[in-house]
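The next block holds one structure in the form of structure tokens; read it before the comments.
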């Protein structure tokens, strides 16, 4: 940051190196899920943008920080009709050379429903949620824990870190999409700058904060969607239940018609396990409504679970459900991909516990899905794993972390086949 800004500051933080590793290290030290990371954008051509992990939640841009450049940016901001959504989170920057971490804060704070944030940063966001931008800045100056986390990240770059009060010539700014508009968030400005409607960050700026591919243990991305039972917020829909989110390639197709009929038949089994089921395809609500009539008639069922109308493929992109032409050209029409047969099992903490992906040509075995859910729920209650082809009521495997003498206190019967393979009979209540 330039001396014109830094000279006014009493508190300084070590400048952060311009690298995705350094920025990621800072936010991970502060309590952000390790599944979230920064990624370089090597260019704005489509083939280069495809190299960035999706979905992109925000962008951080490193720009020159000369006095002339700053004045030009401020004039451009002042010339815009600046209508700011009340949902935009913003704070001023009063700490010298802290613009890198400030950009990280702006990127994360405006995505709190989509990114798992814990530790000191979660506490800070909660504490300042009702404060003004200036009050948030003052509060940050008092946080020794966040200051130390910033320092550890800044000192761990590939180049030697400068002094905290060094006169550096570049400045970090964050860009986020809130309520359909792109905002420039720079703590040295008085307020956020609304840059207008936007759906694609990567066509605008040059460094992305991207979600790593979803994996077991990741926070299930939240979203709002229209469904056959009305609009939902996904995390609110899950509530204190488990959930199965599954996609199908298209309505009015043969395999999908049998699949959704089977899910409807198994509704009592899902309910018994406290599992909510929700389907998804890229068809609209009108198609869903007509197709549900066919499903009900053919399978003699009543499809009561919601089906998401994901025509713009927003949710399918969040969950990486889209097929590719290279894999199956029959599942792509006019260059637009449909969804594969994805299954996500999500627990009440909104954590992804199971991921399955089937090709369009292969219908799913939902009895196997119920078996897997039984195994997951049981292993949450007892220190066990389940063997191949296990069914509820059968013997389980004692978890390797449990000594045999301790296992004999927990389970009615323990049978040691090998030192590392011990079978156990479950207590009656858990076996049912």
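Even glycines carry a Cβ here, placed using N, Cα and C.
As given in TrEMBL:
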- 99: active site, nucleophile (ACT_SITE)
- 171: active site, proton donor (ACT_SITE)
- 12-230: domain 'UCH catalytic' (DOMAIN)
- 214-378: domain 'Thioredoxin' (DOMAIN)
- 93: site 'Transition state stabilizer' (SITE)
- 186: site 'Important for enzyme activity' (SITE)
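Sequence features, as recorded in TrEMBL, placed on the structure.
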| residue | record | DSSP class |
| --- | --- | --- |
| 93 | site 'Transition state stabilizer' | coil |
| 99 | active site, nucleophile | helix |
| 171 | active site, proton donor | strand |
| 186 | site 'Important for enzyme activity' | coil |
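Within 10 Å of the C-beta of residue 93 (site 'Transition state stabilizer') there are 25 other C-beta atoms, taking all protein chains into account. Across the structure, residue 171 (active site, proton donor) and residue 93 (site 'Transition state stabilizer') are spaced 12 Å apart at their Cα atoms.
Taking the C-alpha positions, the distance from residue 186 (site 'Important for enzyme activity') to the residue listed as 'active site, nucleophile' comes to 8 Å.
Just so you know, the Cβ of residue 171 (active site, proton donor) picks up 27 other Cβ atoms within 10 Å once every protein chain is counted. A sphere of 10 angstroms centred on the C-beta of residue 186 (site 'Important for enzyme activity') encloses 27 other C-beta atoms. Each residue contributes its Cα atom, and for residue 99 (active site, nucleophile) and residue 93 (site 'Transition state stabilizer') these two points are 7 Å apart. Other Cβ atoms within 10 Å of the Cβ of the residue listed as 'active site, nucleophile' number 28 in total over all chains.
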